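Here is what Swiss-Prot says about this protein:
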- 1-20: topological domain 'Cytoplasmic' (TOPO_DOM)
- 21-40: transmembrane segment (TRANSMEM)
- 41-59: topological domain 'Extracellular' (TOPO_DOM)
- 60-80: transmembrane segment (TRANSMEM)
- 81-86: topological domain 'Cytoplasmic' (TOPO_DOM)
- 87-111: transmembrane segment (TRANSMEM)
- 112-155: topological domain 'Extracellular' (TOPO_DOM)
- N124: N-linked glycosylation site (CARBOHYD)
- N135: N-linked glycosylation site (CARBOHYD)
- 156-184: transmembrane segment (TRANSMEM)
- 185-203: topological domain 'Cytoplasmic' (TOPO_DOM)
- 204-224: transmembrane segment (TRANSMEM)
- 225-242: topological domain 'Extracellular' (TOPO_DOM)
- 243-267: transmembrane segment (TRANSMEM)
- 268-311: topological domain 'Cytoplasmic' (TOPO_DOM)
- 312-333: transmembrane segment (TRANSMEM)
- 334-353: topological domain 'Extracellular' (TOPO_DOM)
- 354-377: transmembrane segment (TRANSMEM)
- 378-381: topological domain 'Cytoplasmic' (TOPO_DOM)
- 382-405: transmembrane segment (TRANSMEM)
- 406-513: topological domain 'Extracellular' (TOPO_DOM)
- 433-488: domain 'Kazal-like' (DOMAIN)
- C439-C469: disulfide bond (DISULFID)
- C445-C465: disulfide bond (DISULFID)
- C454-C486: disulfide bond (DISULFID)
- N483: N-linked glycosylation site (CARBOHYD)
- N492: N-linked glycosylation site (CARBOHYD)
- 514-536: transmembrane segment (TRANSMEM)
- 537-545: topological domain 'Cytoplasmic' (TOPO_DOM)
- 546-571: transmembrane segment (TRANSMEM)
- 572-605: topological domain 'Extracellular' (TOPO_DOM)
- 606-623: transmembrane segment (TRANSMEM)
- 624-670: topological domain 'Cytoplasmic' (TOPO_DOM)
Amino acid sequence: MGETEKRIATHGVRCFSKIKMFLLALTCAYVSKSLSGIYMNSMLTQIERQFDIPTSIVGLINGSFEIGNLLLIILVSYFGTKLHRPIMIGIGCVIMGLGCFLMSLPHFLMGRYEYETTISPTSNLSSNSFLCMENRTQTLKPTQDPAECVKEMKSLMWIYVLVGNIIRGIGETPIMPLGISYIEDFAKSENSPLYIGILESGKMIGPIVGLLLGSFCARIYVDTGSVNTDDLTITPTDTRWVGAWWIGFLVCAGVNILTSIPFFFFPKTLPKEGLQDNVARTENDKEEKHREKAKEENRGITKDFLPFMKSLSCNPIYMLLILTSVLQINAFINMFTFLPKYLEQQYGKSTSEVVLLIGVCNLPPICIGYLLIGFIMKKFRITVKKAAYMAFCLSLFEYLLSYFHFMISCDNFQVAGLTTSYEGVQHPLYVENKVLADCNTRCSCLTNTWDPVCGDNGLSYMSACLAGCEKSVGMGTHMVFQNCSCIQSSGNSSAVLGLCKKGPECANKLQYFLIMSVIGSFIYSITAIPGYMVLLRCIKSEEKSLGIGLHAFCTRIFAGIPAPIYFGALIDRTCLHWGTLKCGEPGACRIYNINNFRRIYLVLPAALRGSSYLPAFFILILMRKFQLPGEMYSSETELADMKQTVKKSECTDVHGIPKVENDGELKTKL
């Protein structure tokens with residue numbers, strides 16, 4: 001009876017330890033890490049406004065994840081394979097959860113968010129200091145009150161978000177290299193593309209949930225529950241609006257910690273997929289083999305590091321692949337990181353709307369593409385070389401197709417004194433002294449305050465005072481300004497809070513942009529798996545983990561870290577009007593020159609992607625001349641495994657172990 005129970009327990013452990021169970025757990029880890037990453041990316045504009053920081057610092061915060069990843073990627077990739085890989089992945093998930101929790105802390109440590117406005121929440125008909133008034137003395141200089149300046153120092157709490165993102169990057173370090181190498185070591189070579197496709201497709205669940213979560217949180221005011229939202233004079237489409245970004249980070253922290261649990265129950269090694277264990281081997285033999293293997297690993301844990309690095313450095317396909325990846329990832333990070341900001345400024349949408357559109361339109365085709373290419377490569381046994389040729393052609397086609405984005409654009413917001421004159425004539429450049437005009441010089445208005453109103457003539461103004469408005473009716477977001485001397489229209493010369501919305505033709509262009517994005521996302525996902533398989537097969541099996549880690553190291557140090565920083569700095573140069581803090585320091589940008597923004601957003605990534613096809617072309621040439629090391633090793637491994645399986649089937653009969661499928665298949669593989 002005891003032997004039967006032991007056999008049942010052993011069978012249960014072996015079933016739990018199969019590669020597909022690990023694939024499921026790793027997919028959950030991919031979901032949790034991509035959930036955290038995509039949510040972070042969707043909340044960048046909210047963080048920028050919360051802490052009143054420029055886009056370059058936002059890029060630094062976003063790139064700090066790569067800094068954390070960079071600190072350990074080489075060590076984890078090499079030494080991690082000689083340790084317990086599943087447990088290291090589990091520890092990484094826990095660290096990611098702690099990093100997400102730290103990122104939410106500033107909300108609880110700092111005071112309420114105070115947005116820049118000329119209107120008091122308690123403004124009424126008798127309190128009209130924000131309107132146009134003649135012979136009034138207004139202080140055009142910012143306050144120098146030390147108490148106010150100390151209060152603004154709380155904006156430095158963005159450093160908590162920076163450090164939390166670094167910790168999140170440290171936690172994610174072991175997941176990809178150790179997870180992929182674990183699957184590659186114990187899965188059939190023909191199943192690897194399918195499994196990686198499942199991983200990448202499953203990973204898309206995280207971004208979908210993350211973007212939905214981001215859209216939900218962006219609609220909720222940051223201080224919900226502690227302020228009366230009826231008193232707010234801004235809406236989610238306003239560039240001063242800050243959503244409840246901190247809620248999502250708490251959710252991400254919990255999800256990451258939960259997904260860590262299964263990895264602590266996986267063994268260090270698994271039997272090769274498709275082969276059965278020799279269960280007749282005694283437990284003493286197993287323990288002796290494990291002891292000898294552990295001693296051998298401890299002796300060689302460092303001696304192979306430098307030879308492996310030299311071998312990888314002398315691998316031309318591998319080095320060209322790193323160069324291609326660096327250029328492609330630079331372009332991808334630049335476009336994806338600031339895509340929400342671009343759509344907000346280009347098409348006049350709120351963060352909540354933009355994030356939802358990205359999730360609905362871009363992620364499903366990516367998921368379908370990952371699964372489709374993995375299935376096709378397995379079903380039709382497409383070699384890595386053929387897949388690489390196909391990926392190159394499709395990627396080049398998608399790149400040429402992306403140039404249509406240059407024709408799908410909208411004009412600047414029509415803001416008097418910034419992008420147009422008060423007569424509605426567009427300015428080629430922003431000229432600060434044009435903020436004041438004959439219609440508002442008598443009003444003694446603050447010229448550096450951003451509290452826009454939309455006139456019934458279709459023009460926006462930086463404030464009700466600069467629009468020459470002398471009267472207000474209503475409260476909160478329903479406030480209406482009347483008798484506005486700068487608004488020349490056939491109506492009553494009135495204005496409402498907020499920028500004027502862009503026309504219906506701009507909404508149509510947004511639809512075309514999204515259609516192009518769907519096509520581009522689908523083609524991108526189809527080309528991603530073959531490219532990754534080339535990476536796995538162009539290096540020797542014993543160098544695989546280090547090769548993956550070195551590839552990740554180079555893409556992070558030359559793309560992941562600098563790309564959002566320099567791209568954010570370039571975007572800052574297109575800003576037309578900066579918010580003003582109480583001590584006179586510039587805050588977050590309120591409005592951009594969308595024409596310059598569009599050129600930077602589209603031209604720079606196009607140049608980077610275009611240059612990446614030159615090393616990619618050389619990779620195809622080299623692949624025609626040489627056999628990839630991974631393919632050679634894979635064939636030899638399968639040959640040895642098939643011979644061993646046949647021998648065991650002939651000599652042993654252990655609990656009905658199935659035999660080789662047929663002799664013809666064996667001869668074919670031999």
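Glycine is no exception: its Cβ is also placed from the backbone N, Cα and C atoms.
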Residue among glycosylation sites N483, N492 with least C-beta crowding, 10 angstrom cut-off: N492
Nonlocal neighbours by CB distance (under 8 Å) for C454 (disulfide bond), same chain, sequence gap 6 or more: S460, A495, V496, L497, G498, L499, C500, K501
C469 (disulfide bond) and N492 (N-linked glycosylation site), distance between Cα atoms, whole Å: 11
From C439, C445, C469, the disulfide-bonded residues whose CA lies within 10 Å of that of C486 (disulfide bond): C439, C469
Distance from N483 (N-linked glycosylation site) back to C469 (disulfide bond), taken between C-alpha atoms, in Å: 5
Sparsest-packed of the listed disulfide-bonded residues (C439, C445, C465, C469, C486) - C-beta count within 10 angstroms: C439
For the transmembrane segment (514-536), sequence-distant contacts whose Cβ falls under 8 Å of one of its Cβ atoms, 6 or more beyond its ends: 180, 184, 192-193, 196-197, 200, 317-318, 321, 357, 361-363, 365-370, 372-374, 377, 384, 387-388, 390-392, 394-395, 397-398, 401-402, 404-405, 408, 544, 547-548, 551, 619, 623, 628, 630
Counts by DSSP class (helix H/G/I, strand E/B, coil) across the topological domain 'Cytoplasmic' (378-381): 2 helix, 0 strand, 2 coil
Residues of the parent chain within Cβ reach of the transmembrane segment (204-224), under 8 Å, 6 or more residues beyond its termini: 30-39, 42-43, 46, 50, 107, 112-113, 232, 236, 241-248, 251-252, 350-353, 355-356, 358-359, 363-364, 366-367, 370
Secondary structure tally of the domain 'Kazal-like' (433-488) (DSSP, helix then strand then coil): 9 helix, 11 strand, 36 coil
Among the ranges 156-184, 243-267, 312-333, 354-377, 382-405, the one whose Cβ pairs under 8 Å to the transmembrane segment (546-571) are most numerous: 312-333
